[in-house]
Amino acid sequence: MDFSRRSFHRSLSSSSQGPALSTSGSLYRKGTMQRLGLHSVYGGWRHGTRISVSKTTMSYGNHLSNGGDLFGGNEKLAMQNLNDRLASYLEKVRSLEQSNSKLEAQIKQWYETNAPSTIRDYSSYYAQIKELQDQIKDAQIENARCVLQIDNAKLAAEDFRLKFETERGMRITVEADLQGLSKVYDDLTLQKTDLEIQIEELNKDLALLKKEHQEEVEVLRRQLGNNVNVEVDAAPGLNLGEIMNEMRQKYEILAQKNLQEAKEQFERQTQTLEKQVTVNIEELRGTEVQVTELRRSYQTLEIELQSQLSMKESLERTLEETKARYASQLAAIQEMLSSLEAQLMQIRSDTERQNQEYNILLDIKTRLEQEIATYRRLLEGEDIKTTEYQLNTLEAKDIKKTRKIKTVVEEVVDGKVVSSEVKEIEENI
């Protein structure tokens with residue numbers, strides 16, 4: 001029965017080096033010594049996996065040909081050593097699986113705590129912020145309304161003061177006009193008194209003339225009574241009574257006419273003055289009404305202008321505050337995005353590294369399982385036959401090595417990461 005000698009060697013590195021399997025073997029006939037390469041595997045962090053080889057010599061020969069025991073004394077010790085190492089391999093595999101589970105749990109926990117979806121939800125505060133902003137806006141509007149009411153009250157007080165001044169000026173003007181009219185009335189009264197005095201004097205003169213005329217008539221009568229009646233053809237004498245009556249009537253008519261003319265003139269002057277006073281008062285009132293309306297319009301426009309200016313200032317302040325608030329929020333969001341991007345890049349790089357390490361560990365596990373199966377077949381007495389063609393094929397396999405260079409560029413401002421950039425370069429060795 002032929003046996004073959006095989007030696008397994010693995011070398012794993014952090015630069016994603018493919019597993020290299022080198023086999024060298026030679027065929028021994030019966031009665032020769034066969035060396036079995038026994039492997040001890042232990043892992044190093046980020047330094048790949050190294051394989052140590054322990055060689056044990058087993059003698060075959062006539063024991064096999066004579067049907068003796070396959071494993072002698074030394075062979076039993078070697079198999080016990082193999083079993084111990086196999087148990088250590090299995091323990092190593094279990095520990096690696098546990099480490100892998102722990103790493104997966106840590107990755108999952110890290111994603112749960114640091115993933116962007118787990119950012120604190122501030123939406124519950126938005127309603128309070130909106131309510132407070134509305135209250136501030138309402139308070140500003142109420143403040144502007146109070147200021148406007150104060151201005152309106154001041155303008156109304158000023159309007160009443162101006163109206164009071166206007167009414168007082170009108171009162172003074174009317175009193176002055178009344179004083180002027182009273183002077184005119186006094187003058188007319190004096191003229192009336194003068195005319196009445198003149199009428200009385202004229203009446204006295206008339207009475208005196210009547211008395212004198214009566215006396216002259218009496219004198220003439222006495223003279224005629226003492227004289228002899230002589231009839232003489234002569235012109236008729238003058239009738240003095242008729243003449244006096246005519247004169248009296250003329251003077252009475254003249255006095256009545258003068259009195260009537262004085263009364264009419266007084267009434268005309270009074271009416272003219274009253275009309276002028278009325279017209280002037282109406283014009284003055286119309287002018288005052290126009291002035292009052294213009295002042296009121298001016299005050300209304302001034303109030304509206306002040307309210308618009310105050311509203312404009314309030315809106316400008318609100319706009320500036322809103323811009324500043326949104327600018328700060330935008331800066332905070334950008335900073336958060338930059339930090340999250342940097343964390344995401346770091347997570348990706350860590351995930352790739354852990355995935356690579358996981359693949360390495362999985363490959364080690366697979367190869368260990370293959371070796372365990374090989375040892376199991378050896379323990380069960382199976383032969384491992386490797387032909388010259390298989391050996392040449394394994395030796396002829398190309399070993400591909402790649403080098404991966406990862407560059408992380410971070411921009412830090414005031415101790416905070418603003419931007420982060422990761423570059424990866426893969427080279428064939």
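Every residue, even glycine, has its Cβ placed from backbone N, Cα and C.
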Listed residues S13, S99, with the one flagged phosphoserine by Swiss-Prot: S13
In Swiss-Prot, the member of S7, S16, S95, S349 to which phosphoserine is assigned: S16
S26, S59, S65, S419 - residue that Swiss-Prot labels as phosphoserine: S26
